[in-house]
Every structure is written in structure tokens, then in C-alpha cells.
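Positions annotated as region 'Disordered' by TrEMBL: A:1-26. Sequence annotations record features per position, and here TrEMBL assigns compositional bias 'Basic and acidic residues' to A:1-13. Sequence annotations record features per position, and here TrEMBL assigns substrate binding site to A:Met73, A:Gly221. Taken from TrEMBL, the feature ATP binding site applies to A:Arg148, A:Ser194.
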Amino acid sequence: MSDPDFRTPEEAGRVSGTAEPPSGPPAAALAAAAAARLAELRLREPLTHSITNSVVTGFTANALLALGASPAMVDIAGEAGVFAGIADGVLLNLGTPAPEQRRAMREAVAGAARAGTPWVLDPVAVGALPVRTALAAELLAAGPAAVRGNASEILALAGRGGGGRGVDSADGPDAAREAALTLALAHDAVVAVSGPADLITDGASIVRVENGHPLLTRVTGGGCALGAVCAAFLGVRGDRPALEAVVAAHLVYGLAAERAAEGAAGPGSFAVRFIDALGALSPDEVSAGARLRVAAARTAGEGRA
Amino acid sequence: MSDPDFRTPEEAGRVSGTAEPPSGPPAAALAAAAAARLAELRLREPLTHSITNSVVTGFTANALLALGASPAMVDIAGEAGVFAGIADGVLLNLGTPAPEQRRAMREAVAGAARAGTPWVLDPVAVGALPVRTALAAELLAAGPAAVRGNASEILALAGRGGGGRGVDSADGPDAAREAALTLALAHDAVVAVSGPADLITDGASIVRVENGHPLLTRVTGGGCALGAVCAAFLGVRGDRPALEAVVAAHLVYGLAAERAAEGAAGPGSFAVRFIDALGALSPDEVSAGARLRVAAARTAGEGRA
Amino acid sequence: MSDPDFRTPEEAGRVSGTAEPPSGPPAAALAAAAAARLAELRLREPLTHSITNSVVTGFTANALLALGASPAMVDIAGEAGVFAGIADGVLLNLGTPAPEQRRAMREAVAGAARAGTPWVLDPVAVGALPVRTALAAELLAAGPAAVRGNASEILALAGRGGGGRGVDSADGPDAAREAALTLALAHDAVVAVSGPADLITDGASIVRVENGHPLLTRVTGGGCALGAVCAAFLGVRGDRPALEAVVAAHLVYGLAAERAAEGAAGPGSFAVRFIDALGALSPDEVSAGARLRVAAARTAGEGRA
């Protein structure tokens, strides 16, 4: 790719100190920060509170455990708020939002707000489905540190698309770039759009994480567990700078997927190898393997990459 | 086996055009149709809406993804009906029918009826357990395209047995042959009875799928995910002829199990290899590996095979 | 370890018949009983009714199936009591105790009491979280045959600690030894405290199971499925002597973990190999591989091991 708005880590390294972008860190600095955060995560074992859909609970918990975080799923009223105050990071995933989970999510948001716990919103399949679409709007207004979804979900959350069966595979994350920027600025949140290359923005910078593997889309929870990993990374040092934490999550996740795909015979063995890889990936491999590109949002906003 | 009512694909091929059974396609034609449907499924990626039990959600979604379908689980009131209208096929599995799921299932049935979406009923453990037994009777009356269960479940659904701990392993699907025929004719549905050899009928023909492997019974969701695969195959071309779709599902599933069993060290590695195999199985392998036997129902009804 | 209160199987064998401890069986007898129970479990396939948390349902069922038990999860009101009366053993795990599950658990306890079905209480994360803490106290009073938890949970259940993020990894099961003895005597139950070496007591004897592997703590359900395996073993011969059954469960589980860890590349492949190992482990390997130590409770109570 030859998009002049974006620089590889190598390029960023070469120009380091000579021509910094007007906002945000260069790619090499983000990669180094991701490596350091991974090491720190394994020392601190952030307690990561996931209220997530019933399809991916096991995979999500195993991804967190393998990574080095401490997962817990407390998704009932009367407990979720208490636990969000104890936890280091929280994920709210709207995949199967039964009434009890909706109550628990509202408690968790309140508990997280009281304790200053950063939390992630994953607006699964918002748009066409009314209950979660209303819930997502309500939760978005409550101040997540980060939002993670695919392009159609981010577009729907920003009110620009119908969601579902939509834009994802055809257009990729770039189709949701403006929506992501708008959400990030309006809600002071990091917004991550998953796709062949993930697009992550805090409203000032746009980071693309080119690490990853298509087999992740053939494993249920491949996206949902990434939201939990974002919450874990946000839980390492709290939510500032949240951009670094969310980029670290995507980078580690994508690199583990690349490693897992080597020698996988299909999505079953890939999923097993992916969990192994999340545990085996070293900080050095993160900084060496990162394929990040960074641009200022205002520049990136001028045209399609 | 020397049951004169049934013909192997080879036999069916030999006699093709000379002595067709009075109803239904010959085995070789069903195998070829299954191969074609698999290819078509991978092109169309049918959106398969599963409302299923909490034990098998992840395995079911992974089986669908590996196969090439697009899984979604929308199991709350206020959304399930909407989604059943968008989906290509729907599964209702009664394994853990909590109140919210029961409401969602009723909505899904109504939404599927409005949109003409074919749906599958899997009456898990009906008979001894009162809530699901009443629910299964209600749903059966609402017009599923297919019903899938083991022998004791099909017997119980037909009012001929107490269900649970029953007939399955001892007698196998043949014990439920008359019950399956009765249900198929009364409800204009394809009825599939899982077992060492699956028995599938639309009331006119009886098809036996001899592909499969006992390790499937050692993996949770081994039966439940098959119900979802039936819904996916029904979603490829709608529900006519549903017999072809349900046979295709059982055939592909059984062949993937056979492939997975080679080299498996136990049920853990088998399950991983099974997901890989669902993705790797080619249409040619389906037509070449099929072990089907077909008979007219009135002949088959005359005596035990 | 040189704790004079405890004897290895070899030591127990050597002194057999000369200096039996004042209460309870020697280690070699427990190991032999575990081997015999494993063989019997595989013949009888005890129907094991698990009401457990939404994160570990699939792994739990797969562990039971691999072992040779027959799992079922009936967790709704109107059915759980009926099913607890049919089942051979019941697990109540408090990991995600939604209101419907709480109703189901109360029904299950009543049904189990009527039928004499032994049941296991796993008080996940009690202490800091109010709903489950109250529920655990209520269920404990209803007479479980066994209680299984980690040290912080057992301490919290005995009213001696706040639970959560607590004592487990730092202190290990010994920190909960007095709490376990108190609970066992007060409730006439076997109490098992999981850790690097599991501590199991019926109030008279204290058994330590030194088999196991740290990778079990990196797999979600690694502890929860053990509770279900305890219920399965209790279901083989009913709940007397429950100590033998619970020790057998821990021993088989720990040995399978040791076998699985050989050649595992991380927690993902370990989990797969663990399920395989539960199926492959032979009774002879159980008696040969056991690392048990047994002491009388009153002696053990005098000081720290």
C-alpha cells in the first residue's frame, strides 16, 4: 500500500524526531508501547469483567486466561455493579442481551463510573435489532472508554446504516472511518473498527493494525473476545491513553492469529492454536511483528485511504 | 446388511432408470444433490438463526462457520421474530428452554411463518420434562420444515414413549421409524432420527444415512449442532424439497465425523478435527463417500429392517 | 515434603496392617478405591445433572462425556426438581446465578432430597458478591454431599474471609484447612479445597491429592468441571462413603491433567488433550499414578503441614 498518510513502523522509525505527525504517537512508539503493556498485563493480571453473549463466554474467558488476564463474568443484577467497581476493566457485549443482562449492564456502567473503571462497548449486530440498538445508544451515552465493532456496527451506532449483513466484508473498516471519527469525538472514546486491517481512532489519530488472519472470522468469538482483550489492556493502566491500550489489544490479538494460522488445518485447530499463541507471544515479538500505520485524523479525513 | 428394502448408492446407480422406487429419489441422486447443496451453501452463506441451549452455543456456531454458513443467535423477546424474518433458516433447540428463550421461540416461529423461513425443531429430552414437552407440542403444531432428534425424543414427541434414558442406544433409530413416519405425515415435515445410522423421512421415502462416527456421541453438541446444520441446508434453497436438504446435512455431518475420527486421540481432539473437517470436506468427497439407502415408506413400514 | 502427618501410597503400603491411622482409609486403599470407581463409572454412566455457570457449560459436559458419565443440564424452574430425582448426581455451581437458575437450584435441592440423590455445591466467588453469597449459605444448609471450591471460597463460605482475589494463589488450600474441617463437621459433608495440592476432608480424615498441573488454572472451567466430576463419582454408588468418591474425582482429574500437559503447547492444546486424557486414563494408571497423603483430622488440625 502506498497511502502517503500512513507510515509503517520502519518508516516511522526512520523519520522519528524529524517529522512527527501533528497529533498522536508514531507507529514505532505504539508498537513499543504495546509490547510494554503486554509485559505489564502479565504481571498485573487485570481482573477483566465481561458481560458477554452466551455463544462466546468460554472462548472469551480462555483468551483472557491465555493472555495472562484474570477473567470473570458477573452478569446478574445485584452483583454486576459491585464487581465492576472491583474489576480493572469491563466489557459489555450486546450479542445476547437478555433482560437480566441488560439490568446487569446498567449496574456495571454505574459501578464502573463510581470506581473509574474503564469499560468497552461491543455493539454486536446493532441496527436491525431493536432491543440492542436502543441499549447500545443508552450505553454509548454513559461513557465507554472504547467501542469495538465491525464496520456495519460502527455505522449503525453512528446512525449511518441499518447494520447487519451490511458493509463489513464488502467495504471493510474504511467504510466506517467517518462514523468512527464522529463517535470518537462526540463521546471522547477510542473507537475500533475490526476488519482485514483494523482501524482505531481516538478522534485525533487514526491507527491501522494490519496484523491478523482471515481464519479469525471463521471462529465464533473471534471478534467478541477481542473486545474483552481491549478491556484487559485498558485495565493495565486505567484508560489513559486509551488509544495505546486498544492498539495493543488489536496488535497482540492479530499477531497471535498470524502465529496460530501457521500449520492450522482449519478453524478448529486454528482456534486451539490461537489460544496457545496468546499465551506464548512475547513482548519482543509484538514490537518486531507489528504492522501499524498511523495518520492524523484530519488528514485521513480528507479522503479515502 | 441385506435388507431388500434398501439400496446402496452403487445399487441405486446400477438400477437407475430400470426400477425406480414408487416415491422419492434414489440414493445416488440424493448424494449428488447433497454435494451440489454443499457447494451452493458455501456460495450463499445462509444466515442461520439458532435459538439453542446454553451448553452447545459455541460448538454450534463454530460448526456453522466451518461449514460455510453464517450463524447468529438472537434469543430474546423483541428481536427473535424480526431476525427469523431476515434469516435463511432457523433452529429451535429445546435443551435449556428458559422463559426468555420460550418467548423468543414463539416470536421466531411467527416471524418465520410471515417470511416463509424454513425452521427446524430439535425436541431435546422431551418426554419426562414437562416444560419442554408442552413447548415441543406447541411448536410442532406451528409447522416446522424439519424435526431432528434421537429415537427416544421422536417417540416421545409422537406420544409413544416417556423420553429420556430411553430407547436410543439400545434400539437405535429403527425403534422410532413408525413414530417418525406418523409425525412426518401428520405435520408435513421431514423427520430425522439420529443414531448409528440416521433415519430420515418425509413420509413418502425413508432414507438411511450410514455415515458418521460414534465419537460424535462423546462431544457435547454432537447432535444439537446437526440440527443447526439442517437449518443451514434448508436455508440454501428454502424448504423444498426439504428431504434433500436434511439428508445433505446428515451426510456432510457424518462424513466430516468419519474424517475427523482418523487420527483422533479422544473426544477432545476429535471435536477439533471435526470442525476442521466440516470446512475441508469437498462436494466431490460427499458424493463419493455417501453411504445412503433409500426405500419407499409404505414398503419400509411393513417390517423391521 | 516431610510432613509426618501424611503418608505416600508407598509408605501407606509399607505400613499397611501395622499402624493404621485412627480414622479413615490409608492412601493406598483410597487410590485402589478410585481406580475401582473409575471402572464402575464407565459401566454405569451416571446421569450427572449440572446447573452451572454459562462460561463453562460446554467444557463441563465434554469433561463428563469423555470421562464416561452422562451429562445433562436442566436449569429451569418446573424441570430441575424432576430431573434431580432422575439423576444419579447433581452439581450446583454458583458462577452465574441468574434468577431462573436460582429457582432451578432450589427445586433441584428439593428433588434431590426426595430421591436421595447426592449433590455437590460449588460456591464460585462467594464472599464479595451478595446474591451468590446468600444463596450459597441457603444451599449449604440444605445438605450437599460435598462442597468444592478454592481456598478463598471455602473460607468465605465458613464466614472467615471476604472471598474473591483472596488467599488462593498466595496461601493455597492449607489456609482453608480449618474452615474446611469446620464446614465438613457442621454439615456432614465432604469439603474439597482445590489448589496446587487439593485438600479433601470429611471431618475425620484429611486427604491431599498432589496430582494435577498448573495449566488447569489457565483453562476456564478447570475448577468448575471438577465439581461436576465429583457429582458423577458420587453418582456411581450414591454418596457413601462420599470421601472416596470425591478423592477419586480429584485423583482422576489431576492425573488426566498431568498426562495432558505432556506435549501441550499452551492452554488451548492442553484443554483438548485434557478431554482426551479423561477418556483414555485407565484404572490401573489411577492406582499407579496416585500421589495421595492421608492424615487424621485431629492430628492434622494441630499444626500446619
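From the backbone N, Cα and C atoms, a Cβ is placed for every residue, glycine too.
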Under 8 Å by Cβ from A:Met73 (substrate binding site), counting only residues of that chain that are 6 or more apart: A:His49, A:Ser50, A:Ile51, A:Thr52, A:Thr57, A:Ala61
Residues from A:Met73, A:Arg148, A:Ser194 facing chain B - binding-site residues, CB under 8 A: none
Under 8 Å by Cβ from A:Gly221 (substrate binding site), counting only residues of that chain that are 6 or more apart: A:Val55, A:Val56, A:Phe59, A:Thr60, A:Ala63
Residues from the binding-site residues A:Met73, A:Ser194, A:Gly221 that lie close to chain C, Cβ under 8 Å, in sequence order: A:Met73
List of residues, in chain order, with Cβ under 8 A from that of A:Arg148 (ATP binding site) and at least 6 apart: A:Val120, A:Leu121, A:Asp122, A:Val191, A:Ala192, A:Ser194, A:Gly223, A:Leu226, A:Gly227, A:Cys230, A:Val246
Other C-beta atoms that fall within 10 angstroms of the C-beta of A:Ser194 (ATP binding site): 30
Where A:Met73 (substrate binding site) sits in the secondary structure, as DSSP reduces it to three classes: coil
A:Ser194 (ATP binding site): secondary structure state under DSSP, collapsed to three categories: strand
